[in-house]
Amino acid sequence: MKNPTLLQYFHWYYPDGGKLWSELAERADGLNDIGINMVWLPPACKGASGGYSVGYDTYDLFDLGEFDQKGTIATKYGDKRQLLTAIDALKKNNIAVLLDVVVNHKMGADEKERIRVQRVNQDDRTQIDDNIIECEGWTRYTFPARAGQYSNFIWDYHCFSGIDHIENPDEDGIFKIVNDYTGDGWNDQVDDEMGNFDYLMGENIDFRNHAVTEEIKYWARWVMEQTHCDGFRLDAVKHIPAWFYKEWIEHVQAVAPKPLFIVAEYWSHEVDKLQTYIDQVDGKTMLFDAPLQMKFHEASRQGAEYDMRHIFTGTLVEADPFHAVTLVANHDTQPLQALEAPVEPWFKPLAYALILLRENGVPSVFYPDLYGASYEDSGENGETCRVDMPVINQLDRLILARQRFAHGIQTLFFDHPNCIAFSRSGTEENPGCVVVLSNGDDGEKTLLLGDNYANKTWRDFLGNRDEYVVTNDQGEATFFCNAGSVSVWVIEDV
């Protein structure tokens with residue numbers, strides 16, 4: 001795939017009503033036209049909150065909007081037929097499809113069970129109370145409406161290591177379930193935040209139970225057969241033992257008809273943790289570059305005070321570009337969400353230019369930046385807040401520029417705290433470009449591009465600058481950009 005470019009086709013507040021799959025099918029042609037060649041779909045499985053579920057409260061992995069469960073047949077995004085129609089439309093446009101895999105936990109159990117649990121210190125999960133509590137917990141999943149179709153696996157308390165609510169006595173908190181697999185506490189090879197970050201929410205799936213890991217492998221084979229997907233986005237992997245995903249990825253790659261594109265969400269701003277995880281899974285997955293996303297957030301807030309020479313310092317794309325998926329925003333970092341770190345709209349064209357036009361990493365584009373979004377939710381103070389996320393002007397042009405001009409050797413000119421630039425040399429088949437951006441005043445860079453670019457006339461592909469630039473006999477010229485803006489200079493006749 002030439003210059004892979006991923007679009008996250010949803011956000012946390014996408015409207016209810018089952019319209020997303022149909023909307024995506026209608027837009028598939030246009031996505032191909034601007035240069036999107038991979039789409040990350042929201043979780044397609046039935047969630048505990050039914051038609052209102054964003055998809056991360058997984059109830060039934062085998063219900064893609066087919067069974068009347070949790071008050072609805074369709075998911076928030078549509079029914080199974082509409083999902084498959086959307087996937088077919090994408091594939092007809094040579095756009096690869098990534099499914100979102102949410103197997104850290106389950107929610108919305110069908111039945112209670114008598115269980116035994118131990119209280120856990122929420123701030124240090126390694127501190128587990130010796131006292132064992134006899135209680136009831138919602139831990140049994142029978143999926144009565146599906147009635148064994150596709151899978152007859154019944155989930156019970158042996159499949160889980162933790163829970164956040166018990167009854168008789170009624171109590172909320174974090175509780176370690178006592179069963180045949182939890183004698184040593186939580187799983188290893190997880191993030192060390194809170195002492196051990198195995199537990200996140202709901203009924204925490206325990207991968208030490210062999211029947212559980214085999215069921216999740218079976219589900220992967222099933223969902224690939226049902227959807228013919230081209231890869232996966234793996235949710236919340238910092239809470240899942242790395243050894244499981246190493247094993248799972250080996251399995252799905254072995255049974256898939258062609259190599260799968262796999263990217264995992266390990267949300268940490270410590271690049272060392274990301275590199276450790278990549279090592280633990282033998283490099284079998286890419287990771288989202290959370291440190292870079294935070295850099296963009298900080299740069300957008302600080303304006304001209306931010307030193308752009310260091311925008312990539314301490315990021316995954318700098319440390320390990322072959323395993324980095326770069327991004328400006330996602331459904332967790334958007335305003336009012338759990339990992340809120342929004343990038344101010346003025347800076348987004350600069351950020352997208354830095355991930356779309358450089359050779360390092362695979363860039364991910366966020367739905368609201370391409371289409372806009374408006375929504376309301378409660379803020380930290382409990383009051384309702386309205387958020388308007390505008391369409392980022394010229395984002396479609398930047399995506400198109402990636403396919404047309406982001407080719408050849410890359411040279412960086414990160415020699416000024418506010419105005420930086422980079423060039424792509426082009427190849428025999430494809431032209432290159434010069435990218436100049438500034439987080440301060442109007443900027444300019446005098447660049448020597450070499451004899452191949454002697455006496456060429458250049459224009460700003462984005463149209464932010466009206467003048468033309470002409471290189472001299474040595475291929476040297478001064479290229480410009482506006483204050484707080486970016487320009488992509490290309491040869492006039494390409």
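Cβ atoms here come from the backbone N, Cα and C positions, even for glycine.
What you are looking at is a predicted structure, and each value in this text was computed from that prediction instead of being measured.
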Of the candidates Asp60, Asp63, Asp198, Asp282, the one that Swiss-Prot places in the Ca(2+) site of Asn104, His239: Asp198
What residue among the recorded positions Asp198, Asp235, Asp332 has the most other CB atoms lying within 10 A of its CB? Asp198
Cα of His239 (Ca(2+) binding site) to Cα of Glu265 (active site, proton donor): how many Å, rounded? 10
Rounded Cα distance, in Å, between Asp332 (site 'Transition state stabilizer') and Asn104 (Ca(2+) binding site) is 16
Asp235 (active site, nucleophile) versus recorded positions Asn104, Asp198, Glu265 - nearest by Cα: Glu265
So if I draw a 10 Å sphere around the Cβ of Glu265 (active site, proton donor), how many other Cβ atoms end up inside it? 18
Reduced DSSP assignment, Asp332 (site 'Transition state stabilizer'): coil
Take the mean position of the Cβ atoms of Asn104, Asp198, His239, the recorded Ca(2+) site. Which other residues of that chain put their Cβ within 8 Å of it? His105, Asn187, Val190, Phe197, Tyr199, Leu200, Asn204, Ile205, Ala236, Lys238, Ile240
What does the structure give for the C-alpha distance between Asn104 (Ca(2+) binding site) and Glu265 (active site, proton donor)? Integer Å is fine. 12
